[in-house]
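Per Swiss-Prot, these features apply:
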ACT_SITE  Arg253  active site
DISULFID  Cys80-Cys103  disulfide bond
DISULFID  Cys328-Cys336  disulfide bond
CARBOHYD  Asn126  N-linked glycosylation site
SIGNAL    1-19  signal peptide
Amino acid sequence: MKTATFSTLLALSASAVNAQVSGTAFGFAAGTTGGGSAAPETPSSIDELVEWLTDDTARTIMIDRTWDFTGTEGTTDGQCCSTRTTTCEGGTSAGQAWIQDTCDDGTWVSCTYDNAAKNPINVGSNKSIVGVGSDGVLKGKGLRITGGNSNVIIQNIHITDLNPQYVWGGDAITLDDADLVWIDHNKISLIGRQFIVSGWGKAGRVTISNNEFDGVTDWSAGCNGKHYWTLLLIGEQDFYTFSDNWVHDVSGRAPHMGTDMTESTIFFHGVNNYFQNIGGHAFDIDTNTWALLEGNYFESVDTPLTETSLTSGALIYNVPTVDSASACTSPLGYICEWNRLAGSGTWTERTDADVLTMASQYIDSLIDHIPVADVPTTVVANAGVGKL
């Protein structure tokens with residue numbers, strides 16, 4: 001089992017901080033080097049930024065300011081679909097209208113949305129995209145890794161303001177026919193659709209670590225000021241390490257993984273994440289998924305694990321008892337960490353032994369954990385931008 005504690009990840013020389021990638025990829029994305037030894041470069045214009053992100057050259061691209069794509073590709077005036085998630089009668093926030101071609105269950109309303117947010121930048125292979133201090137922001141534009149591209153690090157940037165008032169307004173990070181991606185120490189907020197989404201193609205080997213997923217919004221499909229579309233992981237053959245993330249003020253898909261619409265297979269190791277203030281559900285797990293969930297802390301989460309997760313055909317090991325924690329010792333070589341709930345809904349016991357059998361095949365990709373009692377303080381102190 002590979003160890004990836006906060007102390008080892010943050011033990012860097014002063015000269016390295018904010019000058020290049022901080023730390024080393026771990027978990028399923030271990031071996032990801034991004035731009036490798038390429039000298040850090042700072043783009044001077046949006047055009048140069050896009051050119052560097054999309055070309056075939058290994059690069060370390062420093063984001064030292066807010067790159068605002070709003071308006072750079074014009075806007076679209078049209079008709080959006082208004083449903084109950086738009087009108088939000090009795091809700092505590094406005095809703096989201098839907099950018100789509102049909103409106104059988106609602107009424108058409110006039111809408112104007114920004115085009116750039118709906119057209120993500122296709123990131124080439126061998127890229128490190130690194131924010132400087134707390135200054136690195138991509139506004140109005142997401143990133144997509146597709147077409148077989150791989151070996152990408154996205155670290156210490158804030159992706160925000162992608163048509164947040166509209167469903168289908170844009171995704172922050174898309175993985176579709178990709179591999180070896182490390183998404184670390186970022187913040188994502190005010191997104192129209194998914195914070196992170198995989199397409200029908202494989203996302204491959206991915207580590208999502210130390211990120212802040214901030215769902216506070218004035219436009220919510222749940223009508224409660226909390227973003228619904230958090231993470232949708234449905235790729236063809238995917239392996240996820242999801243660790244030390246702060247997921248707060250969302251209302252659904254936090255995360256959703258698996259699908260019965262394809263032959264998708266997913267192994268997901270979720271460890272030491274802090275789920276806070278979730279006015280809906282956190283884990284929603286579908287078929288063809290093996291999920292090992294340990295050391296996660298749920299505070300004020302309505303539904304930590306959906307009921308449909310228990311009947312979908314998903315295989316889940318969620319460490320509900322002392323015995324189930326100790327049962328990890330033989331196949332995995334360590335005692336799993338309990339999950340903890342505070343002011344939250346039910347964490348229904350699931351201990352599918354096939355998950356441990358599957359996990360034993362990937363022992364080198366399983367990461368160490370801290371005590372679950374330390375998760376809220378440690379994660380909040382370290383997750384997000386400006387905390388390398």
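Cβ from N, Cα, C; glycine included.
The structure, with features from Swiss-Prot marked on it.
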residue : record                      : DSSP class
Cys80   : disulfide bond              : strand
Cys103  : disulfide bond              : coil
Asn126  : N-linked glycosylation site : coil
Arg253  : active site                 : coil
Cys328  : disulfide bond              : coil
Cys336  : disulfide bond              : coil
**Complete:** Smallest number of other CB atoms within 10 Å: among the disulfide-bonded residues Cys80, Cys103, Cys328, Cys336, that is Cys103
**Asked** Which one is it: of the recorded positions Asn126, Arg253, Cys328, Cys336, whose Cα lies the shortest distance from the Cα of Cys103 (disulfide bond)?
**Response** Arg253
**Prompt:** What is the separation, in Å, between the Cα atoms of Cys80 (disulfide bond) and the residue listed as 'active site'?
**Reply:** 23
**Item:** C-alpha spacing of the residue listed as 'active site' relative to Asn126 (N-linked glycosylation site), in angstrom
**Value:** 30
**Message:** Can you tell me how many other Cβ atoms are located within 10 Å of the Cβ belonging to Arg253 (active site)?
**Reply:** 23
**Prompt:** Between Cys328 (disulfide bond) and the residue listed as 'active site', what C-alpha distance do you get in Å?
**Reply:** 27
**Complete:** Neighbouring CB atoms within 10 angstroms of the CB of Asn126 (N-linked glycosylation site), all protein chains considered, total 22
**Fill in**
Cys336 (disulfide bond) to the residue listed as 'active site', Cα to Cα, whole Å, comes out at 24
